[in-house]
Amino acid sequence: MGIPGLFLLQLFSIFCAFHSPALAVKRSYIVYLGPHLHGSRQPSMLEVNERTDSHYEILATYMTSKEKAKEAIFYSYTYSITGFAAILEEEEATKISKHPEVVSVLPNEFNDLHTTRSWEFLGSEKNGQIPADSLWRKGRFGEDVIIGNLDTGVWPESETFNDEGMGPIPSRWKGYCDRNDGVKCNRKNSIGNKKLIGARYFNKGFEAAIGNSVNNTARDYDGHGTHTLATAGGRFVSGANLVGAANGTAKGGSPMARVASYKVCWGTCTDADILAAIDTAIHDGIDILSISLGSRPRQYFSHGISIGSFHAVRNGIPVVCSAGNSGPTEGAVSNVAPWIITVAASTIDRDFPSDAILGNRRRIKGLSYNTNTLPVGKYQPLVYPEDVKAANDTTENAISCEPGSLDPAKVKGKIVYCLRGGNIQETEKTLVVFKAGGIGVILAGQSPTSLSSLEPYFVPTASLVTGADSLSILAYIRNTKSPKALIRGATEVGRTVAPIMASFSSPGPNEITPEILNPDITAPGVNILAAFTEAIGPSSRPLDKRRVPFTIFSGTSMSCPHIAGIAGLLKTIHPDWSPAAIKSAMMTTASTTSNVRQPILDEETFLPATAFTYGAGHVRPNLAPVFILLRILSLTMADYYNFLCSIGYNASLLSRFTNETTFRCPTPKINLLDLNYPSITVPNITGNVKVTRTLKNVGTPGKYTVKIDIPFEITASVKPTTLEFMKRNEEKKYTVALEAKEGSWSVRTQFGAIVWSDGKHEVRTPVVISKEFSV
C-alpha cells in the first residue's frame, strides 16, 4: 500500500531549486491576522478601506515607507479573513511574524488547481482548466460507464462519491449494496446514491483459509479500497489535501462514472473471494474492472485473477491490474496474463521538501507532508533526546524517541533530533514528541544510503536522507552552546523531472511467458492523493486518532486505477472497442520520454529505464482515442485460445475453461512471437527470427512509413516499409526480421521499437530482444 517515494531524484531537484547565491531573495508570503471581529456580518466599504489601510500601516513599520508597503501588498483580506499577502524578503517576513497582531506568516505555496496532480501531469487539465483536446471532454468524463473495484471495500460517506447532478442509474445495472454496517448506496427507484451504485463483500474464502470469521461488511476499514476506487472514478472535490500537503481538487480518471466496490481483502485476499467477486461483477454489469492486488507470478490456470479476468474479457470488460510492489527484483511482475492490462508505477512532477536549517545556516534537505506550521524564519531550540530523556527510562529508548522516554518539561517548545529505527515507526516517533510538548522533529538516518520516507507526521518534520547528514547535525548539537533550528517546506509542483520509474514497481521479464512483455504500461503511482477511510488515522497506526478524508499512498495499486479511469473514458467514446483495442490504444501511444524530453529514468540506477520497467511507456490519455489512426489489430478470444494451446494447454482442458466444446487447437500451433500483441518480445534469440503483426486503420485513408529503432547489435528489417490504407477498418500485415550480430553483447537484453508514422501521428510498438550469454 504505502511505498517510500523517489527521494534521491526529489532531493536532487530540491538542491537545484535552492542552490543559488546567498542574496536577499524576495518571495510571496501570507501574513495571517486571524478572523474578523464582525463574525458573519458583512463589513461596510468604510470598514474594508480602514482594514486595508491598517495592513499598510503594519507592513510600513518594517519598510522604509507606507508607499513601499502599498507596493509590496498584492492582496488584503478584509471580509472573513484578516491579513494580507505581500512580496517580502525572508528577513522581513521573520520580523513581521513577531508583530503582536500577527498570528502566523507562511510562504505562498504554489497551489494550482490540481487533483493528486496526476491528472494535470497526464494532460487532462492545465492550470485548473480542461483543454479542448482533453480526453475528459471527449469521453464526457466517463459519463455512465460503470467501474468495478476489487479491494478492501469503500467508505461510502466520502465526498468523492457524492451524486450531485447525476441522472438515473443505467438500466443495465443489476448490482446492489450489502447494507449492513451502515453502508448506503443506491437501489433502483429509491432514494440513495447514484454515484456509488454497488458495495458488496466476499469473505468466505478468507474465513475458510484462516478458520476464523470476520465482520460481514462492505465498509472499508483499511483505506486502500476507498483510495483506489476514488482514483479511478471519484468526483471533483475541492480543498483536498493531507495535513496541508498536495492541496487542490481531487478527482478520478472518469469523474462522471458510476462506481461499485467489491470487498475481497481482509488483511489478505484469497483466490476464492476474488473469483466470486469477479463473477458477481460481470453479472452486475460493470464496464471496467480495476484490481490493485496480486501475488507471485503463477500459471494462468492456477491464478484466481488470471482466470476471473479471462472471463471478464470474454464479456467485453477490460481488466486492469497492478504489476506489484516487489521491485527492483528482476522478473517480479505479477498479473502477467496477456488479456490483462498490467500497470507499473512512476512519479509525477510534485515534491514535498521539508528542510532543516540549523542555527549555523546550514540547510539539510529533507521531505515531509506536515510542514510550514512553525513561525516563518524563527529558530527554535534543538535538542538531542539523551539530554531530555525521562528520568526512569534508558538512553537507548530516548534517542529513538520511544513512548514514555522523553521528559515533557525538557521537550516543550523544542525540536527533537530522533534516530530512525527502534521499536516504533517514524510517525509514532513524531507523536511521542508531540505528546511531550515538542514542536518539531528531525528524523536522523543511520545508513550512508538511507532514504527518508514520506509520512503524515504529527509535527513539522525533516525526515533526513543520509547518515552523513545526521552526524553533521549531531556534531552541531554537541558543539554548540544553544543549538537551534527551523523546519521549512511546502508542496512544490513542476520543479522535478518526471516520470521516473519507481524502484518498488515490479519489473519484467514475464516469468510465465517470456514472449509477452510485462508490465504493459506505466502510470502515476507515487505520492497519489485520493479519498480515504475515516475509520483509522492516516498513518494506519493504532495510536493515530486523527481522521482525514484524503490521504497519500504510493504503489502500483495507485497507478492501476489511473489506467482504469482512462479505460472508462475510452469506453465512453468507443463503446464498441474490445478490451484488447483499449489496451492497444493506450500502449501504442505511450511515451518513453520525461517532461524534459529525455529518456525516462530508473530510480534504482538513475540510468534510462527499459521496457521491462515501463512496458510500452508512460500513458498519454489525450492521444489514445483520436490520434491513433493506426493501431495494432485487437486480439480476439480465439487468439487467446490459440495462445493457450501454444504454451501447452490441450483442447480438452481449454474446452472446459472456455465452455466451447467444439474448440480445437490449431495444427501446427501458432508461434508465440506472432501473437498480435502491441509489443514484440524475443527471448533468447538464435539465428534469424521473423515476427508478424497486423495493423488496422481506424481513421481516414493514409500512407504510413516505418521507422526502425533497434540497437546496433541486431540486424533488423521491416517488410513492407510503407503501408497505404485506402479505407477505414482496412487491415495490413508487416513482418519484422531480426538477427543478432556476431560477437558478444554488452548487455543480455536490447530494447528498441518499430514506429509507423504518417508524418503527423506515430504508433509505437516496443521491441525487446534477449540473448543468452555464453559461459
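Yeah, the Cβs are placed from backbone N, Cα and C, and that goes for glycine too.
Sequence annotations record features per position, and here TrEMBL assigns active site, charge relay system to Asp151, His224, Ser557. Per TrEMBL, the feature domain 'Inhibitor I9' maps to 28-113. TrEMBL lists 142-603 with the feature domain 'Peptidase S8/S53'. Annotated domain 'PA' per TrEMBL: 381-462, in sequence order. Residues or ranges marked as domain 'Subtilisin-like protease fibronectin type-III' in TrEMBL: 674-769. Residues annotated as signal peptide in TrEMBL: 1-24.
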Cα-to-Cα gap, Ser557 (active site, charge relay system) vs Asp151 (active site, charge relay system), nearest whole Å: 10
Neighbour tally for Ser557 (active site, charge relay system), based on other Cβ positions within 10 Å of its Cβ: 31
DSSP-derived helix, strand and coil totals, residue by residue, for the domain 'PA' (381-462): 23 helix, 17 strand, 42 coil
Counts of helix, strand and coil residues, the domain 'Subtilisin-like protease fibronectin type-III' (674-769), according to DSSP: 1 helix, 58 strand, 37 coil
His224 (active site, charge relay system) CB neighbourhood, other CB atoms within 10 A: 23
His224 (active site, charge relay system) and Asp151 (active site, charge relay system), Cα-Cα, nearest whole angstrom: 7
Integer average pLDDT (0 to 100) for the domain 'Inhibitor I9' (28-113): 75
Asp151 (active site, charge relay system): tally of other CB atoms within 10 A of its CB: 28
